[in-house]
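Let me begin by presenting the structure, written as structure tokens, before commenting on it.
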């Protein structure tokens with residue numbers, strides 16, 4: 001069963017939060033020039049653009065005075081397809097293997113509220129496609145067509161559809177005797193066996209002689 005929820009020990013969560021995000025410096029940051037490989041001073045000057053890891057950005061306040069988070073190009077590229085309802089043709093796995101989770105983390109920092117709408121509409125348009133390929137396609141090699149969450153949904157859909165077909169064909173529907181009935185049957189067999197042994201003990205040679213006299 002798919003049971004992914006971002007947490008400290010989640011491998012998927014670690015991969016997502018290692019991604020670099022483009023940020024614009026809003027105020028002078030003293031002694032942080034090392035964050036920009038092209039900086040000529042030890043301070044970060046306003047207007048500079050640097051790349052910071054997502055694990056650092058998500059610790060900042062949404063309305064922080066230091067950085068402005070830029071919308072990654074992958075969401076700008078999907079925006080046109082979302083408007084034209086053609087997201088099923090996009091290879092999300094090639095754009096970003098964690099398309100939805102990456103966008104989910106960036107949504108609070110998007111001041112234009114673009115990323116949230118894009119990931120919502122993308123999944124809404126593609127969920128029917130996921131259902132169709134889960135029913136009609138047993139091939140699980142969709143590394144370029146689906147992102148990580150979609151791949152898990154597809155695998156879960158294939159398993160569920162297989163179980164449903166087996167149920168319809170009664171191929172996996174084996175009726176078993178309940179444990180209570182099995183225990184009752186065992187007790188009856190033991191009782192019958194003890195009765196037979198008791199009858200054999202009463203049927204001794206002496207009794208046979210008496211019966212012949």
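Cβ atoms are placed via backbone N, Cα and C, with glycine included.
Positions annotated as domain 'DNA replication complex GINS protein PSF3 N-terminal' by TrEMBL: 9-60. According to TrEMBL, the domain 'GINS subunit' annotation covers 85-168. Taken from TrEMBL, the feature region 'Disordered' covers 178-213.
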The domain 'DNA replication complex GINS protein PSF3 N-terminal' (9-60), counted residue by residue under DSSP: helix, strand, coil: 14 helix, 13 strand, 25 coil
Structural state census, the domain 'GINS subunit' (85-168) (DSSP three-state): 61 helix, 0 strand, 23 coil
